[in-house]
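Q: Sharing a structure, written as structure tokens. Questions coming.
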């Protein structure tokens, strides 16, 4: 299977997994136009859509795509804010699409019904795990988001993270503010700057790299805990407390 990142809006990515015969699985199509343009240019035929959550920048292209390809199947979490034509999937379920096996993982936090789709090579994490960051908690709690990230962190290190937005450079600035002596993080920032200068996506990225550089996956590290505790002006009794304070810090952070 070939993986294609389709830019949408200002910083979204729609993902396409493409079989040798041109049939494709589309993940989080917030816009129809990038999918249609790619299909026309490369001879793709979308056969299924996977949705991680209900936000418009991830689902608003669905109706137009289903009109263009009437047989298109749709899989999503059970959420009244998602088109009713979807097949609802939940934690632990497995799908076999175009000879690819997908596992569904529940990852609430960004939204209350957010899910991720995992294959033997790829993690489609939506707005839960980002390159060098994580999503804002619009509907969930810090313990929920922390648990969701820990669930994803247990996947094999070679898994490629395919998230919903190109946030790497902005996230790198915050990550280095927190973890300034991390040499791997410094290298990632330099690599990402070169990629973006060349108009290339910084994604996908290996989970192994995220575990070494993403502060939201490193809340057990003494250097992270110390910096976050200093900002909080007091002891933080658990990793969840560290995560919650780190997420608050990121929400307020500006260069």
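Just so you know, glycine gets a Cβ as well, placed from its N, Cα and C.
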Q: Out of 21, 101, 127, which does Swiss-Prot tie to the same Zn(2+) 2 site as 57, 58, 165?
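A: Among the candidates, Swiss-Prot records only 127 at this Zn(2+) 2 site.
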Q: Within 8 Å of the Cβ centre of 57, 58, 127, 165, which other residues of the chain have their Cβ, at the recorded Zn(2+) 2 site?
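A: The surrounding set, listed in chain order, is 12, 28, 30, 53, 55, 126, 164.
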Q: Taking only C-alpha atoms and a 10 A limit, tell me which of 53, 55, 110, 127 are near residue 165 (Zn(2+) 2 binding site). These are the binding-site residues.
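A: Passing the 10 Å Cα cut: 127.
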Q: With every protein chain in view, what's the tally of Cβ atoms within 10 Å of the Cβ of residue 127 (Zn(2+) 1 binding site), excluding that atom itself?
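A: Neighbour count, Cβ to Cβ under the 10 Å cut-off: 25.
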